[in-house]
Amino acid sequence: MASTLISSLAVVLPLTLLAPSMSMKISRIDVLGYICNNGTVSNEEAYRRSYQINLDAIRGDMRHVKFGTHEHGDPPERMYVLSQCVSDLSSDECSLCWSRATDLLSQCFPATGGWFHLDGCFVRADNYSFYQEPVSHQDTKICASDKEKSAEFKGLVKEVTKSIVEAAPYSRGFSVAKMGIRDLTVYGLGVCWRTLNDELCKLCLADGALSVTSCLPSKEGFALNAGCYLRYSNYTFYNERGLLAMSFTKENLTYIFVISMVGVLAIAAGFWCGKCFYMRTSPKKKIKGTKTKKFHLFGHLRIEKESESICTESHLMSFEYSTLKKATNNFNESCKLGVGGYGEVFKGTLSDGREIAIKRLHVSGKKPRDEIHNEIDVISRCQHKNLVRLLGCCFTNMNSFIVYEFLANTSLDHILFNPEKKKELDWKKRRTIILGTAEGLEYLHETCKIIHRDIKASNILLDLKYKPKISDFGLAKFYPEGGKDIPASSLSPSSIAGTLGYMAPEYISKGRLSNKIDAYSFGVLVLEITSGFRNNKFRSDNSLETLVTQVWKCFASNKMEEMIDKDMGEDTDKQEMKRVMQIGLLCTQESPQLRPTMSKVIQMVSSTDIVLPTPTKPPFLHDSM
C-alpha cells in the first residue's frame, strides 16, 4: 500500500534522492528533504479526500501566482495545506514542481501530514494551522561534499546571505544576491512563505543564514526551514530569465503607479511649500531640555541604533519592546518561568500564536554586560539540535531581553527534583537526556571550541518529547585550537564562575580552564539523573557527604543499585543504569586527564561492548573512608 511507504517518519530525511550526486548541479525539482509526521489519523480515506479537495482549490493559484493555501475537513482531522514555488520559476516550471511535490506528500498518509522541500517549490499539509511558523525543531540544513577553503569564499558567502536576510522581507519575501572577487563568485537565493509577515520572514531567513554558513567551507549550503528556504552556491542555480520577467512586470506596474500619482504628489507639494513658508516667517519657540535620544546600555552611553547592531550583526531578530510586553501581558507574574542571577525568564505568546521564552536582564556594570554580549555571541555562532535556539534580542534604557524558542517542559530540575513530576521520567527518557546533553557538549567542544562552564539540571531544557537542549551561555568561553588549557594567569579570581557542586576542583582551586571542567559538571548531572538526588542538597549522616562521594562509595562496595532512583519502577534495566552511573563517576574523577571526552562518553553510553575503566576517587573524599 502506497501510504506505508514513508509513514511514521518523525525526522527530516534530507537528500534521499539527491545525496549520491551532491557534488553535481541539481535540478529545481530535485527533493532536498522531507518529513512525515509521527501521528496518524483515524479515517485515512476522508483525510486523503480532504487533501485532494485542498489541492484542487489551489491548483489555479499555483499556476497564476505560484502560491496557495486552503483547508478542509472537521477538527481534529481538519487538513491545512500550503504550497509555494520560488519566484524565479515560470508558470510551467512551477506546475511541474508542485505536481511532483504533492504526489510525494500523498505518500505520507495516514500520517497527520508532512512536508516536502524541493529546490524550486515547497508543500506542507498538517492537521493544525501552521501558516505563521517561521522555524521549527525539525528544520535542517544540507551541505555539499565539495569544498572551497579560501577565506575569500567564506567572506562572500556571509555577505551574500546577509544581503538576502536584509532584502527579502521587504521584497515580498524573495531575494537573490550575487557577489564575486577575482575568479570566485557566490550566488544566493532566499524565499519566505507568503503567510509570514516581514518580522517573521526576517527571523526565518536569519536562522537559515546561520545554518548555511555553518556549512562552510562547502561550496553549497541549503537551509530547509518551516517558513523559508535559503541557498548559496558557487554557480548560477536560479532562473535569471525568470528574474528579468519579474523585474519587467514590476517596472511596468511602477511606471503606471508613478504616472497616476503625479497629480496627487504635486498637490501635496504645494501644501508642503506653503507650510514651510509659514513656519519660516512665524516666530520660533525654543523648547528647553531637548536632547539627542540616547540611553545607558550595559553601563555605557550609546545611541539606540548602535544597540540594535548587537542583534543584526549576529543575524538575529531585533524585537520591539512593545511586542515582548504584549506577549507577556506586561511581564505578568503568571508568565514567569524562573529567576536567575541577573533577571527573570518569562513565557510569551506572539500575536501569531507562537510561544517564546524571554530572558529579561537587569543590567548595571561591566560583568552582566559582558555576560549578555557573550551569550549572544556564543549561541549565535553555534547551532545544534541539543542547543537552545536563540531567536533575537531587544534593548531598552532599563533592561535587555534575549528571546529564545520556548520549550514546553521547561528545565530538567523542575521535573527531576519534584517528587511527583519525576515519575514522568522513565529510564528511556533519562537516557535520552544524558545522551543528548553529551552530544550538545561534544558539538560545543569539538566544533565550536567552547567551554560552557555552567552545566547543571536547571540549564538543560526539555521539549515536548523530553529531548534536551543546553541553555544559558552567559559564562561560556572560547578556548584555543587543540583543546589546550586556558592559562590560570589569564583568569582573574572574579572570572572564576559557575555553580558550587558542579565545578571541577582544579578550576576552583587553580583556575585551570579546559573542556574537562564541563566533563566534570556533566558527570555530576549524570549521577543526579540516575539517582534522582540533587548533588548540593544530598542528605546523609555525614554533613560533608555529596552525591558524588556517596555514589563512589556504593560503587567501591558493589552496592550501586542502592543509588538508583526507585521512582523509575522495577522494569528499569538496572545493569545499564549502573553502567551509566559508572560513566558519571569517570567524568567526576579528580584528575582532569582521566576524565573522558564527550565523544568517548557518547560511545560508552551508546555501546555496551566498550569495557569501562575503574573510576578513581572523586575529589573532596576523605581518606578515612
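Each Cβ is built from the backbone N, Cα and C atoms, and glycine gets one as well.
Swiss-Prot lists 1-23 with the feature signal peptide, giving sequence analysis as the kind of evidence.
Note on the topological domain 'Extracellular' (24-252): its mean pLDDT in the predicted model is 90. The annotation topological domain 'Extracellular' is assigned in Swiss-Prot to 24-252 on the grounds of sequence analysis.
The annotation domain 'Gnk2-homologous 1' is assigned in Swiss-Prot to 29-130.
Look at Swiss-Prot and you will find 135-237 tagged as domain 'Gnk2-homologous 2'.
The feature transmembrane segment is assigned by Swiss-Prot to 253-273, with sequence analysis given as support.
If you look up Swiss-Prot, you'll see 331-621 marked as domain 'Protein kinase', on the strength of sequence analysis.
The phosphotyrosine annotation in Swiss-Prot covers TYR404 (among others) and rests on similarity to another entry. Within its own chain, TYR404 (phosphotyrosine) has ILE356, ALA357, ILE358, LYS359, VAL388, ARG389, LEU390, LEU391, SER471 as residues 6 or more apart in sequence whose C-beta sits under 8 angstroms from its own. Following the DSSP three-state reduction, the secondary structure of TYR404 (phosphotyrosine) is strand.
Summarising the annotation, Swiss-Prot assigns phosphothreonine to THR499 and lists similarity to another entry as the type of evidence. Around THR499 (phosphothreonine), the C-beta neighbours below 8 angstroms that are at least 6 residues distant in the chain are ASP454, LYS456, ASN536.
TYR507 (phosphotyrosine) carries a helical DSSP state (H, G or I). The 10 Å shell around the Cβ of TYR507 (phosphotyrosine) contains 23 further Cβ atoms across the protein chains shown. The annotation phosphotyrosine is assigned in Swiss-Prot to TYR507 (among others).
Note on the domain 'Gnk2-homologous 1' (29-130): DSSP counts are 39 helix, 32 strand, 31 coil. DSSP classifies THR499 (phosphothreonine) as coil under the three-state reduction.
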